Amino acid sequence: MLPFASCLPGSLLLWAFLLLLLGAASPQDPEEPDSYTECTDGYEWDADSQHCRDVNECLTIPEACKGEMKCINHYGGYLCLPRSAAVISDLHGEGPPPPAAHAQQPNPCPQGYEPDEQESCVDVDECTQALHDCRPSQDCHNLPGSYQCTCPDGYRKIGPECVDIDECRYRYCQHRCVNLPGSFRCQCEPGFQLGPNNRSCVDVNECDMGAPCEQRCFNSYGTFLCRCNQGYELHRDGFSCSDIDECGYSSYLCQYRCVNEPGRFSCHCPQGYQLLATRLCQDIDECETGAHQCSEAQTCVNFHGGYRCVDTNRCVEPYVQVSDNRCLCPASNPLCREQPSSIVHRYMSITSERSVPADVFQIQATSVYPGAYNAFQIRSGNTQGDFYIRQINNVSAMLVLARPVTGPREYVLDLEMVTMNSLMSYRASSVLRLTVFVGAYTF
């Protein structure tokens, strides 16, 4: 009730009430319609025409299109197109009719909410209903009564856009880094693999993973090495092994014969010799070891590489045996007058190609008589002059090898010692019959 109504007469009070009702029913300002109306997105209510009219977003939205894009208005919305794009307008100039306005009750819910069938206010998911203004490069996250535009993992916001972060600039990877849209990938150098954190690199044990080494494999940091067993050498490919021909490298590995075998070599000696740990060949003394076939009536004589069975009694008429190696010609026998009084049998062995001159045997007088003079000579068996006698003193002399000789060969030298005494007009001789065996080898 108006505050001054009580001062008016009754008829005037009635007219004032009617005028008040008429004023309330008259058209209001177009911006404030007498009924609540709602237009769809992209349209607004035109109070004059009582219709929804298109909103020109290109004029109403500041910087509707960014960068080099141009804004093209169309019914119910707008487009952002490149400036070089051609736009063909409707030839008849008729656009789609504006959607009809429909009356509805005002939204009783706060912004970002809408009523459901039970008239409860529920959150509007702007992200799923495309009611957001997030850029294509951004992610829309719905919030209670609102939404939020964020950059995906691996991106950062520069201006209005989300730009990929080059994680490789921050050296996250131990070896190599490959940048990817929104992410990155670490790679390792050959010989390494990614660790559990996918960033650091750990050494790969190629030997446990089937490295192509033929014989032996040694793992090292970031790689592996192939090695060969003793007696083999690594091939140029770095993986396979080939046998070393040790015998072809040197002729001094073995004294006699070198035989190459896979991964090794062996030394061999000729028959009659045994191999020593030093790879030298040593003569086997068959007479000492009993590995001979001499009878009881024979004597075993060993020489380099073999042995000889000789008769125990080697005395020939008119000589008689007085000991195992000595034959005596009796003075009572007339046949002994022109013969040496005794013959002593000796045996020795020398190697082939011995350096010369070489002292090989010393002759020694067993009896010394006062006033006697002894002379030594080679009586027989030195037809080629391979030996000569060098007298040392009155009672001894040395048999000398004058030239290198090659075996197998055998010499029987009669070394004579002539004893003379001018005062007594005495002359006698004795012979040392020396059998010299020359071995077939230089050892």
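In case you wondered, yes, glycine gets a Cβ from its N, Cα and C as well.
As recorded in Swiss-Prot:
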DISULFID  Cys65-Cys80  disulfide bond
DISULFID  Cys71-Cys109  disulfide bond
DISULFID  Cys127-Cys140  disulfide bond
DISULFID  Cys134-Cys149  disulfide bond
DISULFID  Cys151-Cys162  disulfide bond
DISULFID  Cys168-Cys177  disulfide bond
DISULFID  Cys188-Cys201  disulfide bond
DISULFID  Cys207-Cys217  disulfide bond
DISULFID  Cys247-Cys258  disulfide bond
DISULFID  Cys254-Cys267  disulfide bond
DISULFID  Cys287-Cys300  disulfide bond
DISULFID  Cys315-Cys327  disulfide bond
DOMAIN    36-81  domain 'EGF-like 1'
DOMAIN    123-163  domain 'EGF-like 2'
DOMAIN    164-202  domain 'EGF-like 3'
DOMAIN    203-242  domain 'EGF-like 4'
DOMAIN    243-282  domain 'EGF-like 5'
DOMAIN    283-328  domain 'EGF-like 6'
CARBOHYD  Asn198  N-linked glycosylation site
CARBOHYD  Asn394  N-linked glycosylation site
MOD_RES   Gln28  pyrrolidone carboxylic acid
SIGNAL    1-27  signal peptide
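This view paints the features noted in Swiss-Prot onto the structure.
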| residue | record | Cβ contacts under 8 Å, 6 or more apart |
| --- | --- | --- |
| Cys109 | disulfide bond | Pro115, Cys121 |
| Cys127 | disulfide bond | Cys134, Cys140, His141, Asn142, Tyr147 |
| Cys149 | disulfide bond | His132, Asp133, Cys134, Arg135, Gln138, Asp139, Cys140, His141 |
| Cys151 | disulfide bond | Ser137, Gln138, Asp139, Lys157, Cys162 |
| Cys188 | disulfide bond | Gln174, His175, Arg176, Leu194, Cys201 |
| Cys258 | disulfide bond | Glu246, Cys247, Ser251, Phe265, Ser266, Cys267, His268 |
| Cys327 | disulfide bond | Arg314, Cys315, Val316, Tyr319, Val320, Gln321, Ser342, Ile343, Val344, His345 |
| Asn394 | N-linked glycosylation site | Ala365, Val368, Tyr373, Asn374 |
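DSSP assigns Cys80 (disulfide bond) to a strand.
In the three-state DSSP classification, Cys287 (disulfide bond) falls within a helix. Contacts of Cys168 (disulfide bond) defined by a Cβ separation under 8 A and a same-chain sequence distance of 6+ are given as Cys177, Val178, Asn179, Phe184, in order along the sequence. When the disulfide-bonded residues Cys134, Cys254 are compared by the number of other C-beta atoms lying within 10 angstroms of their own C-beta, Cys134 comes out lowest. All chains included, 15 other C-beta atoms sit within 10 angstroms of the C-beta of Cys80 (disulfide bond). Counting residue by residue with DSSP, the domain 'EGF-like 4' (203-242) contains 0 helix, 16 strand, 24 coil. In this structure the C-alpha atoms belonging to Cys71 (disulfide bond) and Cys80 (disulfide bond) are separated by 5 Å. Under DSSP, Asn198 (N-linked glycosylation site) is assigned to coil, being neither helix nor strand in the three-state scheme. The Cβ neighbour count for Cys267 (disulfide bond), using a 10 Å radius and every protein chain shown, is 18. Straight-line distance linking the Cα atoms of Cys207 (disulfide bond) and Cys80 (disulfide bond), rounded to a whole number, equals 62 Å.
Taking Cys65, Cys80, Asn198, Cys217, Cys254 as the recorded positions under consideration, the smallest Cα distance to Cys300 (disulfide bond) is found for Cys254. Note on proximity: of the recorded positions Asn198, Cys254, Cys287, the one nearest Cys65 (disulfide bond) is Asn198, by Cα distance. Looking at the domain 'EGF-like 1' (36-81) alone, the prediction's average pLDDT is 81. Cβ neighbours within 10 Å of Cys71 (disulfide bond), excluding its own Cβ and spanning all shown chains: 16.
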